[in-house]
Ligand SMILES: Cc1cc2nc3c(=O)[nH]c(=O)nc-3n(C[C@H](O)[C@H](O)[C@H](O)COP(=O)(O)OP(=O)(O)OC[C@H]3O[C@@H](n4cnc5c(N)ncnc54)[C@H](O)[C@@H]3O)c2cc1C
């Protein structure tokens, strides 16, 4: 194994928690009514393992001694993902579901054997990549099974092959993204998939959730990059993807991509790769007002000339970024914007990747032709690039300070983007009262865009879980019917109740019947993807 993710380090993105500068804390208190009172975190309870001796021995025989773990730290380390509710659980709020054991297979064959063994012993299986799910995707739910294991794929960490002619790399599912990029670097290749969870999330997790990275305008969403998959199921192995395009019936590969561990365990992914860029250029711009900003991003997407990274913040997100940055440079920037008559500054970050400075200059010129943008220069773009993985660290700090901090995302067609943004903002503000709701577009398509919301409110000390559940339900209701319940975070447990409204009763029935074929006893990831009750066998 070339790299391990430390899953005992849960609840924090990095071992140390950062601090918020005094000016930012003061501003946050004024805007949200945050008090000084803190609720100390307590260690969650870990019940005794319910894994039977027979099941333990059978799993030991598959993966070898030492790779079926029932110790407290291993189990607690894979308890839940990284949503706000998960982080509250890790601070001792509520009763998060703890797996009965953690099983670490080393090969795709072992994964299939583990699944067969679990089906024989009535044990539910939760596939676990980086554990960065923010929708309850890795919650250790047992459904109607006697026990539940977390199947940690961290040992599936090999680059299986590279076909430089076709530009395809076959990667094992447990590879964290940075490690996958390190393995591809000597071949001069990159995947180009950089979500904010890049440092921890895995190749299998990206495929299982239809992930979208920050450079999706240039490289596409992860499902666009999947050329083939190898799937382990309790009834055997399924391999898909033999050609770049095919008319041999519906694309079943896309049934596996986004299946969230409910239809099988992805063990290998054939990924389309591209030459590594030699030059990257990031630049900050300002647009006056959300409507003008989203019209600008639409124009870019519809002209097929977007930058590789295209990200528009609304006025509130821009204000928060500036408030958190503080300092004389920010004050000077605000004064400059006022002097230029910009009433509602919306920050637009554009980033280009290329083989040479010349290529980027040419593309930049084409992208910007005909657009009325106020350039703030490369420093702001580069500052965004350097800080683009800081969100989770800032969230750790905010958690410590007693802030309710969470994100949610959707997508819709251009004609409804502003309507949906207004509806979600209103739903969150009504539910949470004194709060900050920020929004950005970071994935733009010819026909529409994603909307990504970040919410900050003072945490309700008496019922922090209920406080967020009410807000999340209100936002989900506002989204249903206008946008998708998830643009890239997936369904998990959180969105399962809303899936039928999006894909219809027939859609759910189709998924349930596929599940019955691949997972006849219903051991795979109970409670995820399919609404509860419809996923069970029969
Ligand atoms: C701070 C933060 C920022 C994020 N930013 C982004 C972003 O920019 N873009 C984005 O798309 N997402 C983002 N996410 C969400 C998350 O990172 C993605 O969903 C990611 O694809 C999950 O990868 P993972 O390896 O961590 O999967 P996990 O969290 O381990 O699993 C996710 C789901 O897939 C299943 N699963 C995992 N591996 C496999 C496998 N090999 N076979 C079958 N099922 C499997 C799990 O059971 C679970 O249901 C973010 C999350 C966090 C915490």
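In case you wondered, yes, glycine gets a Cβ from its N, Cα and C as well.
Keep in mind that TrEMBL annotations are predicted by a computer and have not been checked by a curator.
Residue density at residue 452 (active site, proton donor/acceptor): 24 other Cβ atoms are found within 10 A of its Cβ, drawing on all protein chains shown. TrEMBL lists 452 with the feature active site, proton donor/acceptor.
Cβ contacts within 10 Å of residue 133 (FAD binding site), excluding its own Cβ and spanning all protein chains shown: 29. When secondary structure is read from DSSP and collapsed to three states, residue 133 (FAD binding site) falls in the coil class. The feature FAD binding site is assigned by TrEMBL to 127, 128, 129, 130, 131, 132, 133, 260, 261, 262, 263, 264, 265, 266.
Summarising the annotation, TrEMBL assigns substrate binding site to 395. According to its DSSP assignment, residue 395 (substrate binding site) is helical. If you take the C-beta of residue 395 (substrate binding site) and look for same-chain residues 6 or more apart in sequence within under 8 angstroms, you find 13, 87, 405.
Here the domain 'FAD-binding PCMH-type' (95-276) returns a mean pLDDT of 97 for the predicted model. Annotation comment: TrEMBL describes 95-276 as domain 'FAD-binding PCMH-type'.
Taken from TrEMBL, the feature region 'Disordered' covers 1-22.
Residues or ranges marked as site 'Important for enzyme activity' in TrEMBL: 311. Taken residue by residue with DSSP, residue 311 (site 'Important for enzyme activity') is part of a strand. Non-local neighbourhood of residue 311 (site 'Important for enzyme activity'): 214, 348, 349, 384, 440, 441, 442, each in the same chain, at least six residues away, with C-beta under 8 Å from its C-beta.
Checking the recorded positions 127, 263, 265, 452 against ligand 1, the ones with a C-beta less than 6 Å from an atom of that molecule are 127, 265. Between the farthest pair of Cα atoms in the FAD binding residues (127, 128, 129, 130, 131, 132, 133, 260, 261, 262, 263, 264, 265, 266), the distance is 20 Å.
Spacing of residue 131 (FAD binding site) relative to residue 452 (active site, proton donor/acceptor) is 21 Å (Cα to Cα, whole number). Taken residue by residue with DSSP, residue 265 (FAD binding site) is part of a strand.
Nearest by CA distance to residue 452 (active site, proton donor/acceptor), out of the binding-site residues 129, 133, 261, 263, is 133. Neighbour density for residue 127 (FAD binding site): within 10 A of its CB lie 29 other CB atoms from the protein chains shown.
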